[in-house]
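Colleague: First the structure, which I've put down as structure tokens, then a few questions once you've had a look.
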């Protein structure tokens with residue numbers, strides 16, 4: 001019988017970022033209770049030796065599974081030390097991998113309500129509109145006209161600690177292009 005390979009997208013992430021993600025998930029599961037329905041599985045609960053942890057996030061009938069890995073092949077950069085994250089959407093027997101932006105939007109859509117329909121009526125009547133979005137990571141694209149109008153009225157309050165964002169977990173801080181200065185800002189080009 002021949003070998004069968006299954007390819008998965010694993011985002012390479014540094015160890016400290018994975019530790020921050022895990023501690024934020026545990027904080028919001030146990031202390032703030034905003035993620036009390038989430039399930040955290042430790043490495044010893046898994047039979048796979050490379051799995052560091054799993055976070056199961058229920059989304060109605062489906063669920064999002066964020067799996068962190070350790071002991072992977074090291075990458076070409078110094079900070080690629082064999083740590084990684086995969087994000088999977090599961091519903092019954094169907095599974096597909098999703099990117100971090102979509103994962104954050106799915107979490108936001110299911111768990112966090114930015115503004116209720118009555119907030120528009122209150123804003124038009126000049127009354128105080130109090131709902132705020134606790135999960136800003138779910139807003140990676142331009143929102144609806146309703147959302148944009150209400151965010152102009154209300155500045156979102158920053159939460160400490162922030163809710164765990166999948167996109168922040170896999171963000172590549174090291175390979176971002178360098179910002180270059182133009183001729184007015186550059187000290188070496190104008191001789192000063």
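Start at 1 and count along the chain as shown; that gives each residue its number.
Just so you know, glycine gets a Cβ as well, placed from its N, Cα and C.
From a predicted model like this one, the values you see are computed outputs, not experimental measurements.
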Colleague: Match it up for me: which of 26-31, 32-37, 74-79 does Swiss-Prot list as region 'Interaction with host APOBEC3F'?
Modeller: 74-79
Colleague: Looking at 144-153, 154-163, which one is motif 'BC-box-like motif' according to Swiss-Prot?
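Modeller: Spelled out, Swiss-Prot records motif 'BC-box-like motif' over residues 144-153, not the other listed ranges.
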